[in-house]
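Trainee: The feature transmembrane segment is assigned by TrEMBL to 40-58, 70-88, 94-118, 138-161, 200-223, 286-310, 322-340, 346-364, 385-405, 411-428.
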Amino acid sequence: MISRNFKNVLVVSVGFLSLFTAYGGLQSLQSSLNAEQGMGVASLSVIYASIIISSMFLPPIMIKNLGCKWTIVACMACYVSYSIGNFYPGWYTLIPTSVILGLGGSPLWSAKCTYLTIAGNVQAANEGKKGPDIINQYFGIFFFIFQSSAVWGNLMSSLIFGQDTNIAAIPEEQLKTCGAADCGLNVTSNSTTTRPEQTLVWTLVGSYIGVGVLAMIIVAVFLDNIDREQTSHFRENRDPFCHTFLATFRLLKDWRLLTLIPLTMYSGFEQSFLSGEYTKNYVTCALGIHFVGFVMMCFGASNSVCSFLFGRLARYTGRAALFFFAAVTNFSCIIALLFWRPHPDQLPVFFVFPALWGMADAIWQTQTNALYGILFPRDKEAAFANYRMWESLGFVIAFAYSTFLCLEYKLYIVLAVLVLSMITYPIVEYHEYKNPTPPIEEGAYLDHKETIQTLEDKIISQTQL
């Protein structure tokens, strides 16, 4: 029999898998599908700008009032609205739904991270193991299942768009403009990036809406309300609004969080580069839009498998070794992309880069999320809100300069942020090695009355409730 906590991890993971099968597929296609006037990339910028705003105040308020479970369900509805907006894409449909999605984005991820951290600490206390080890394992399992959403979402898009009868051969003149050899700003109106048949677009978006609604049903029906006691206690003893509102910013007084900002922002830069620049300037330019899904499937498969492996491997190698490995992998890919001239004859190479990128991203995602949970166990909601805020700032900056900076300079920017991250991150890691943050014990998650009865001499508070 699997433990109840492990079952809940699986439910959260499958729910996110279903939700991001839709959103991930749409995000990969925005720079190519809605290329007119940069509308697709603009909608992505608005999404992550809204996430920054929501990170400032929404996660602590929603999680402490609704609890992790119902925060996840409510925010999933925001993601479904974006899929609906893509039915008839235009400035008046994409931008408002992008704002709605962005406002739900930060509470969604903060609630998920908080839920997994609580479940990991409770399970570790039950088994007599170290909290960080179980938390790492749970995040690895989550990202193993979640990252495979890139496989299914992109498989759907490639199979459906592959039925398009208007696929044209790519002229040699256009191939010369692909990759970093050319500025890459004119890959917008040629024959390979025009929209597929409208009926195919509707079929795809309709499928995405369906799996998004399925995600909401899965979480609402099968996920346990693990923090019910905490939320009811909070509602009975409500803090002043300004206290909760400023929780995200108060944590910025901690120098460790400030030092992790470059690493967190790099996560946004590297993800936006692959989904926004690689898909448009390498894949769509040289192969056509119907290949975007297949290439991003390779990224998703690599990311999924490596998330599971690295989640378990971290307890033997430590985080630092994995972060260094990811940095070397990304560094090598960026240098290679600067010199590679993509051509349809080199088809396998188009899949090598996303596979390596997915392997590195698996480390950035699993280990950075786990690191935040370990460093700030008593301020999890505010810590993960900061994580989403700074990661989203990386997305916003990258998508904002997407339409006017040449590809070569975009690669240099990603490289610079990577180097800065590898200078600042070891400082936090060394401090944590010398002064480990004490984990939260099981007693923090028990019923308030139960805690008083069973731990009269040692009552531990999970958060500042």
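A Cβ is built for glycine as well, from the same backbone N, Cα and C atoms used for every other residue.
In the displayed structure, how are the listed features positioned relative to their neighbours?
Mentor: If one looks beyond the transmembrane segment (40-58) by at least 6 residues along the same chain, the residues whose Cβ comes under 8 Å of a Cβ in the stretch are 27, 29-34, 82, 89, 94-95, 98-107, 110, 244-246, 248-249, 268, 272, 276, 385-386, 388-389, 392-393, 395-396, 399-400, 402-403.
Taking Cβ pairs closer than 8 Å, the transmembrane segment (70-88) reaches residues 12, 15, 19, 22-23, 26, 34, 47, 59, 62-63, 94, 96-98, 100-101, 103-105, 107-108, 110-112, 115, 202, 205-206, 208-209, 212-213, 215-216, 219-220, 223, 225 in its own chain, all 6 or more past its ends.
Among residues of the same chain six or more beyond the transmembrane segment (200-223), those with a C-beta under 8 A of the stretch's C-beta atoms are 8, 11-12, 14-19, 21-23, 25-26, 33, 69, 72-73, 76-77, 79-80, 83-84, 86-87, 153, 156-157, 160-161, 163-164.
Only residues 6 or more beyond the boundaries of the transmembrane segment (322-340), in the same chain, are considered here, and those with a CB under 8 A from a CB of the stretch are 179-180, 270, 278, 282, 310, 313-314, 349, 353, 356-357, 359-361, 363-364, 367, 408, 411, 414-415, 418, 421-422, 425, 429.
Proximity of distant same-chain residues to the transmembrane segment (346-364), defined by a Cβ-Cβ separation under 8 Å and at least 6 residues beyond the stretch ends, is recorded for 143, 147, 150, 266-267, 270-271, 274, 278, 282-283, 286-287, 291, 294-296, 298-307, 309-310, 322-323, 325-327, 329-330, 332-333, 336-337, 340.
Proximity of distant same-chain residues to the transmembrane segment (385-405), defined by a Cβ-Cβ separation under 8 Å and at least 6 residues beyond the stretch ends, is recorded for 31, 38, 41-42, 44-45, 47-49, 51-52, 55-56, 58-60, 102, 105-106, 109-110, 113, 185, 247-248, 251-252, 257, 261, 264-269, 271-273, 276-277, 368-369, 372, 413-414, 417.
Sequence-remote contacts of a segment are chain residues at least 6 beyond its ends whose Cβ falls under 8 Å from one of its Cβ atoms, and for the transmembrane segment (411-428) they are 180, 256, 259-263, 265-266, 269-270, 273, 320, 323-324, 327, 330-331, 334-335, 337-338, 371, 375, 394, 398, 401, 405.
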